[in-house]
């Protein structure tokens with residue numbers, strides 16, 4: 001449905017107002033997008049049926065089959081993306097070969113700034129409970145941009161999946177103030193207001209505008225940063241930490257607000273966590289869960305997500321663990337298929353670690 005004049009739409013708007021118009025246009029655009037991609041969404045009668053098909057497919061393909069699937073995705077020509085803004089703002093990019101898609105990038109609007117660029121993309125699918133923003137680890141020169149984005153998008157959680165320095169290489173600026181301290185930037189001020197007892201390093205910050213709009217009081221935005229650093233770059237967590245992303249995502253869902261996720265490049269570890277959430281929510285909505293489709297869909301909004309085959313396999317492993325953790329009673333053959341896949345996966349991981 002185009003935003004051009006439509007007599008029927010105008011009649012509805014005259015009765016119910018512009019909010020209805022916006023909702024109708026948004027819904028129509030979403031439907032048009034699905035139709036234009038020629039994608040067929042396979043639905044099941046229940047989450048159990050969705051889980052059963054997923055687990056059996058994982059077991060049938062096995063680790064070798066999944067690795068083959070990943071390499072096919074890597075060679076897919078659809079990986080090309082438009083990235084003009086990225087090219088014009090190279091000083092704001094951490095890596096010269098990790099692109100920022102033009103169509104889904106975040107446009108900064110706060111403050112007196114030159115340009116609206118930040119290396120960040122929206123990831124927002126109908127099945128997701130939260131809107132996600134995937135971004136690179138902030139540079140020392142982009143701290144104001146990062147916190148402006150947090151404030152502008154009203155994000156309530158930040159997932160930090162890397163350490164500032166790894167193996168002697170800088171991966172991310174320390175973009176937050178120390179306990180009890182403040183970080184005063186050009187547009188916003190960030191105050192460290194506390195910590196929370198969780199499995200992660202969870203810090204609380206208050207973000208306020210330095211110059212609120214006239215006549216508008218700025219009560220600030222409270223944001224939680226969950227830091228999980230036990231995850232090597234381009235790799236996966238150790239076996240004992242294999243289902244930690246499920247706990248992280250529970251915290252994200254509890255906030256009912258946008259979540260900003262970053263590692264260093266914002267595509268490997270970051271993409272892995274988002275892909276897991278996409279799989280979980282497709283199960284919840286009785287949809288078919290296909291890892292290839294998930295990665296392809298994700299890369300349409302955040303380029304190059306899932307950097308390695310081991311990260312791709314890890315998404316599958318965590319989702320199988322998720323299936324086994326649910327309360328529903330699974331058919332015996334589904335449970336057996338899940339256990340067989342996990343055994344094969346863990347055996348391969350052990351061989352890799354022992355090498």
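Cβ from N, Cα, C; glycine included.
Keep in mind that TrEMBL annotations are predicted by a computer and have not been checked by a curator.
Look at TrEMBL and you will find 89-322 tagged as domain 'Tyrosine-protein phosphatase'. Residues annotated as domain 'Tyrosine specific protein phosphatases' in TrEMBL: 246-313.
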What are the helix, strand and coil residue counts for the domain 'Tyrosine specific protein phosphatases' (246-313) according to DSSP? 40 helix, 5 strand, 23 coil
Grab the pLDDT values for the domain 'Tyrosine-protein phosphatase' (89-322) and give me their mean, rounded. 93
